[in-house]
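Annotated in Swiss-Prot:
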| type | residues | note |
| --- | --- | --- |
| BINDING | ASP21, LEU22, ASN23, ARG36, HIS59, LEU60, GLY61, ARG62, ARG112, ARG145 | substrate binding site |
| BINDING | LYS196, GLU313, GLY342, GLY343, ASP344, THR345 | ATP binding site |
Amino acid sequence: MSVIKMTDLDLAGKRLFIRADLNVPVKDGKVTSDARIRATIPTLKLALEKGAKVMVTSHLGRPTEGEFKPEDSLQPVVDYLKDAGFNVRLAQNYLDGVEVNEGEIVVLENVRINKGEKKNDPELGKKYAALCDVFVMDAFGTAHRAQASTYGVAEYAPVACAGPLLAAELDALGKALKEPQRPMLAIVGGSKVSTKLTVLDSLSKIADQLIVGGGIANTFIAAEGHNVGKSLYEEDLIPEAKRLAAATNIPVPVDVRVGTEFSENAPATEKSVTEVQADESIFDIGDKSAEELAKIIKSAKTILWNGPVGVFEFPNFRKGTEVISNAIAEATANGAFSIAGGGDTLAAIDLFGIKDKISYISTGGGAFLEFVEGKVLPAVEILEKRANG
């Protein structure tokens, strides 16, 4: 990956425009999950240590361009950074210039409020670029989108580089996908085969073993001819599931946990996969299946994990994902390289307290999947172009 890295630049006195991913959940004006902010803090500290004048921005939620609403503001992120000890303030009208003092961080208000952001309007890209001496792309989570704050600004800024977080993401994903230690295992969960089909296809060519979970696994169970009751599955994709199962080693659950309603306190019944009734839905894998998968996980040398194997948010349907999480942590402790990505996966990692037991946790959802699919990420492509003149 030939991009300029922020870590290699002399930044003393330079105006830095950092595009971070601070798109965090907010409730009643407070940040409710701080993983993305925590991941960005080392970049901010490094920029300050190097003597830069630091501006940082991000999108938050899905605001209407050109319309400011208080709930779309990055103010809760500013409050969080203040509490973390930073000298920080919010700038709302910054497109015609903003004063930045040494030692402070200026958070530029939600980029998605700016007209032309999503369409990558060149005029907006030029305005962002005019604010800085160096543009730092550090938002892997939006690297798959060519927008004014991820692509346009990189075209026009005097220098465009990759921040530490983006560089680490690309290195870790490269390690897992380009030269994996064997055997390589990929775990893909989620509700639909259709949304992960290209990912499953790509991984079936790289991985020695695939594990599918969640609604995806239900389609594979149905492909084996079993009744899945009211479970979420995709009948039209059964032929695809059969094709993938024939091409790659994909174990299908032998036992499952079912419920008759989708609710937090729904009672769970464990049974053989052959015994699912018409009024039941599969919400988790059973103990035997979890044990089998844990064995497979513990023998892997590279593990790529995207998605849970059950509705782990509900206590009665949590066990399968918990067993798998702990098996990944154990394999990692024994020398495997593990990389995890995707919102649900990160929530599971938090819930089961294994954050420090995974080799690398990706902050990207869609970008993580597109990289796995082998797609070019526009925001990375422009950094490569700029690095190579």
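One-based numbering along the chain as shown.
Backbone N, Cα and C atoms are what each Cβ position is placed from, and that goes for glycine too.
Here the features listed in Swiss-Prot are placed on the structure.
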residue	record	DSSP (3 states)
ASP21	substrate binding site	coil
HIS59	substrate binding site	coil
ARG112	substrate binding site	helix
LYS196	ATP binding site	helix
GLU313	ATP binding site	coil
GLY342	ATP binding site	coil
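The two recorded residues, GLY343 (ATP binding site) and ASN23 (substrate binding site), show a Cα separation of 12 Å. There are 19 other CB atoms within 10 A of the CB of ASP344 (ATP binding site), with all protein chains counted.
Between the binding-site residues GLY61, GLY342, GLY342 has the most other Cβ atoms inside 10 Å of its own Cβ, all protein chains included. Same-chain residues at least 6 positions away in sequence with a Cβ under 8 Å from that of ASN23 (substrate binding site) are, in sequence order, ARG36, SER58, HIS59, LEU60, GLY61, GLY141. If you count neighbouring Cβ atoms within 10 Å for each of the binding-site residues ASP21, GLU313, the highest count belongs to ASP21. Comparing Cβ neighbour counts within 10 Å across the binding-site residues HIS59, ARG112, LYS196, the minimum falls on ARG112. Within the set of binding-site residues LYS196, GLU313, GLY342, ASP344, THR345, the entry lying nearest in space to ASP21 (substrate binding site) is GLY342 (CA atoms).
Calculated from their C-alpha atoms, the gap between ARG112 (substrate binding site) and GLY342 (ATP binding site) amounts to 22 Å. Around THR345 (ATP binding site), the C-beta neighbours below 8 angstroms that are at least 6 residues distant in the chain are GLY189, TRP305, ASN306, GLY307, PRO308. The Cβ neighbour count for GLY343 (ATP binding site), using a 10 Å radius and every protein chain shown, is 16.
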